[in-house]
Amino acid sequence: MSVKELLIQNVHKEEHSHAHNKITVVGVGAVGMACAISILMKDLADELALVDVIEDKLRGEMLDLQHGSLFLRTPKIVSGKDYSVTAHSKLVIITAGARQQEGESRLNLVQRNVNIFKFIIPNVVKHSPDCTLLVVSNPVDILTYVAWKISGFPKHRVIGSGCNLDSARFRYLMGGKLGIHSLSCHGWIIGEHGDSSVPVWSGVNVAGVSLKALYPDLGTDADKEHWKEVHKQVVDSAYEVIKLKGYTSWAIGLSVADLAETIMRNLRRVHPISTMVKGMYGIHDDVFLSVPCVLGYSGITDVVKMTLKSEEEEKLRKSADTLWGIQKELQF
């Protein structure tokens with residue numbers, strides 16, 4: 001008899017059923033691994049699968065995480081180049097793609113990443129036809145559209161990480177300005193994740209007190225306190241981090257884990273994430289932009305209708321036009 005047989009008496013032969021709360025991360029670069037560790041630390045999955053094309057790096061990352069199993073509560077961590085390892089995932093997070101170079105705009109990355117998605121998405125769909133897709137790769141709004149088109153999934157199951165991080169950065173900077181923790185600072189950034197994002201100044205508040213009502217110049221050119229700079233810093237922050245360390249990873253990883261938690265635990269929290277906005281705010285094309293969405297186990301169930309100023313709506317429409325201009329040129 002083996003040591004195992006001497007030690008353990010079997011009571012019930014388990015059926016080999018698949019995981020119930022499986023999460024896949026596609027792409028094990030800095031962002032993918034930051035997402036993976038953040039998800040593991042939150043105990044959101046009973047199985048985590050990693051996929052990439054670089055096999056040595058992939059296996060190394062898997063082993064490194066497995067060796068930390070004692071300190072985690074995710075019993076199974078797997079990886080492979082073949083998408084069969086992703087089978088039966090509830091949530092698939094796409095971080096793979098060409099990386100943004102210093103000074104390169106997110107929109108410049110597009111066609112490089114479309115070609116990568118043409119390989120990834122059909123493989124994901126084949127093995128997890130009922131999953132929710134969470135796109136993180138940039139430019140995220142366009143690539144969420146691309147993932148939606150290629151996958152054939154209903155729009156509520158294809159989500160872009162969008163402005164969840166932009167809004168978090170905004171609240172962090174707002175907290176710094178006011179000397180209050182960012183959790184108590186409320187403000188929403190919507191629209192494109194990137195250079196043309198829209199800060200909704202009318203909704204910025206602490207404890208329900210509107211800053212715009214207190215100080216009508218907030219966010220305008222007449223503002224002596226330069227709150228507009230806070231939004232500019234949000235837009236510039238990724239470029240600054242990329243310039244200093246070569247890429248961004250931790251904040252986006254934490255932001256994605258925040259979204260994963262809402263989905264896997266069916267929390268129905270409201271997040272500014274990228275969804276199909278056709279028919280909203282006078283937008284007529286198939287574009288994905290961030291608006292406040294109710295998120296849960298089945299993806300996006302509802303959208304909160306924000307009261308926007310005419311110039312804010314105009315900015316959203318302008319973003320939509322820019323994105324559509326690029327999307328209609330894409331080769332699928």
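Placement of Cβ uses the backbone N, Cα and C atoms for every residue, glycine included.
According to Swiss-Prot, the NAD(+) binding site annotation covers 29-57, Arg99, Asn138. Per Swiss-Prot, the feature substrate binding site maps to Arg106, Asn138, Arg169, Thr248. Summarising the annotation, Swiss-Prot assigns active site, proton acceptor to His193 and lists similarity to another entry as the type of evidence.
The recorded positions listed here (Asn138, Arg169, His193, Thr248) include no residue with a Cα within 10 A of the Cα of Met41 (NAD(+) binding site). Counting every protein chain shown, the Cβ of Asn138 (substrate binding site) has 29 other Cβ atoms within 10 Å. A helical conformation is recorded for Arg169 (substrate binding site) in the three-state DSSP classification.
Neighbour list (Thr248 (substrate binding site), Cβ cut-off 8 Å, at least 6 residues apart, same chain): Ala30, Val31, Ala238, Val241, Ile242. For Ala49 (NAD(+) binding site), the nearest of the recorded positions Asn138, Arg169, His193 in terms of C-alpha separation is Asn138. Following the DSSP three-state reduction, the secondary structure of Lys57 (NAD(+) binding site) is helix. Annotated pair His193 (active site, proton acceptor) and Ala45 (NAD(+) binding site), C-alpha to C-alpha distance, rounded: 27 Å. Of the binding-site residues Ile37, Met41, Ala45, Val53, Ala45 has the largest number of other Cβ atoms within 10 Å of its own Cβ.
Spacing of Ile37 (NAD(+) binding site) relative to Asn138 (substrate binding site) is 20 Å (Cα to Cα, whole number).
Figure note: comparing Cβ neighbours within 10 Å for the binding-site residues Lys57, Arg169, the maximum is reached by Arg169. Each of the binding-site residues Met33, Ala49 was scored by the number of other CB atoms within 10 A of its CB, and the lowest score belongs to Met33. Across the structure, Gly29 (NAD(+) binding site) and Arg169 (substrate binding site) place their CA atoms 22 angstrom apart. Distances between the Cα of Asn138 (substrate binding site) and those of the binding-site residues Met33, Ala45, Val53, Lys57 are shortest for Met33. Distance from the CA of Arg169 (substrate binding site) to the CA of Val53 (NAD(+) binding site) is 32 Å.
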